[in-house]
């Protein structure tokens, strides 16, 4: 059986749909594929094929998100650099390892911000014949590299804290430590507000946060708690100078918080790199939705994965009756999916119900 590929936009969004048409459909007049049943008048067919370059939304959707992400990361980088220098100077003068630990984490954040900006630039590059999906996953690689930086620096700081516990021959200027750590708390709160992305609504189609900005936000949120713990230890040392061991103890606590902040990122990104179903989507719910479309008899070879956090891809094989208008089925599937989920790319292969083989292992549903 010979197949013909058709490409068009779904609901005028940056979503491509690829459908494979069998020989039995060749003589049928194609229907408008940009229009859901009950919508307004049909557009000119132009060969019944609509491409992404016919829509300004399609080309501008991704770039608009990139601009917002870059603005947030640039603003966060500037603030992070200024307060990092202030903490290095203040921590050195105060003799506080906890403050220097906080400065080191700001250095980690600054590095991660710069890596994220670089990865965003890479992800905006056009696809090539070797990288046909483009450079979207450069964002994920940049975020994972920043997590690795956290682990390395945290290990060094824990080692220094152990030395202070074993050899407590050091002095701390608690007054300077309070001033510097208080400013650090304020700076990290500002960073968190800049990087925070509000999500309006709770359905699957709400846009997910950019991967790089999300990783940076988690870093900044962890630093808020870390800076607060440094401030608390500074107050303890100020009122009880004999309790100066609170400084290395605070370093241990901050290190644990920093490592804990990376666990969720690693979990989500590992699933993404393993081509798992994106967070917020359910395999069963997508299949059930497809089976509700008129003309759909069965669904198999359903695959859902992501290029990056906000670039979801779906491909599926759908069986229909021989008398069913496959173009109408495709239109129904496109409308159902695009109204419920935010998809970057959609591929549908229409097959005849008579060609289905119940014993085919590839057509079986995956395990739970």
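Glycine too: its Cβ is placed from the backbone N, Cα and C atoms.
What Swiss-Prot records for 1-78 (among others) is topological domain 'Cytoplasmic'.
The Zn(2+) 3 binding site annotation in Swiss-Prot covers 51, 53, 360, 363. For residue 360 (Zn(2+) 3 binding site), no same-chain residue 6+ apart in sequence has a C-beta under 8 angstroms from its C-beta.
As annotated by Swiss-Prot, Zn(2+) 2 binding site applies to 52, 300, 317, 351. In this structure, residue 317 (Zn(2+) 2 binding site) is part of a beta strand by DSSP.
Through the fold, the transmembrane segment (79-99) approaches residues 106-107, 109-110, 113, 157, 160-161, 164, 170-174, 176-177, 179-181, 183-184, 187, 190-191, 194, 229-230, 233-234, 247-248, 250-251, 254 of its own chain, all at least 6 residues removed from its boundaries and within a Cβ separation under 8 Å. The annotation transmembrane segment is assigned in Swiss-Prot to 79-99 (among others) on the grounds of sequence analysis.
Note on the transmembrane segment (103-123): residues 66, 69-70, 73-74, 76-77, 80-81, 83-84, 87-88, 91, 134-139, 141-143, 145-146, 149-150, 153, 156-157, 184, 191, 210, 212-213, 215-216, 219-220, 222-223, 226, 254, 258, 308 of its chain, located 6 or more positions outside it, place their CB under 8 angstroms from a CB of the stretch. Among the features that Swiss-Prot reports, transmembrane segment is placed at 103-123 (among others), with the record citing sequence analysis.
As annotated by Swiss-Prot, Zn(2+) 1 binding site applies to 105, 109, 219, 223. If you draw a 10 Å sphere around the CB of residue 223 (Zn(2+) 1 binding site), it holds 28 other CB atoms from the protein chains shown.
Swiss-Prot lists 124-139 (among others) with the feature topological domain 'Cytoplasmic', giving similarity to another entry as the kind of evidence. Mean pLDDT across the topological domain 'Cytoplasmic' (124-139) comes to 82 in this model.
Among the features that Swiss-Prot reports, transmembrane segment is placed at 140-160 (among others).
Positions annotated as topological domain 'Lumenal, vesicle' by Swiss-Prot, on the basis of similarity to another entry: 161-174 (among others).
Under the heading transmembrane segment, Swiss-Prot lists 175-195 (among others), citing sequence analysis as support.
Positions annotated as topological domain 'Cytoplasmic' by Swiss-Prot, on the basis of similarity to another entry: 196-216 (among others).
The transmembrane segment annotation in Swiss-Prot covers 217-237 (among others) and rests on sequence analysis.
Summarising the annotation, Swiss-Prot assigns topological domain 'Lumenal, vesicle' to 238-245 (among others). Taking Cβ pairs closer than 8 Å, the topological domain 'Lumenal, vesicle' (238-245) reaches residues 164-165, 168, 170-172, 174-175, 177-178 in its own chain, all 6 or more past its ends.
Swiss-Prot lists 246-266 (among others) with the feature transmembrane segment, giving sequence analysis as the kind of evidence.
Taken from Swiss-Prot, the feature topological domain 'Cytoplasmic' applies to 267-368 (among others).
Summarising the environment of residue 344 (Zn(2+) 4 binding site), the number of other Cβ atoms within 10 Å of its Cβ, over all protein chains shown, is 20. Residues annotated as Zn(2+) 4 binding site in Swiss-Prot, with similarity to another entry given as evidence: 344.
Other than the site residues 105, 109, 219, 223, same-chain residues with C-beta atoms no more than 8 angstroms from the centre of those residues' C-beta atoms, the Zn(2+) 1 site, are 80, 106, 108, 112, 150, 188, 191, 220, 222, 226, 258. Take the transmembrane segment (140-160) and the stretches 175-195, 217-237, 246-266: counting Cβ pairs under 8 Å, 246-266 has the most.
In terms of C-alpha distance, the listed binding-site residues 105, 109, 344, 363 place 363 closest to residue 300 (Zn(2+) 2 binding site). Counting other Cβ atoms within 10 Å of each Cβ, the binding-site residues 109, 351 show the lowest value at 351. For residue 219 (Zn(2+) 1 binding site), the count of additional Cβ atoms within 10 Å of its Cβ stands at 30 [all protein chains shown]. Long-range Cβ contacts of the topological domain 'Lumenal, vesicle' (161-174) within its own chain (Cβ-Cβ under 8 Å, at least 6 residues beyond either end) map to 93-97, 101, 234-235, 237-238, 241, 244-245, 247-249, 251-252, 255.
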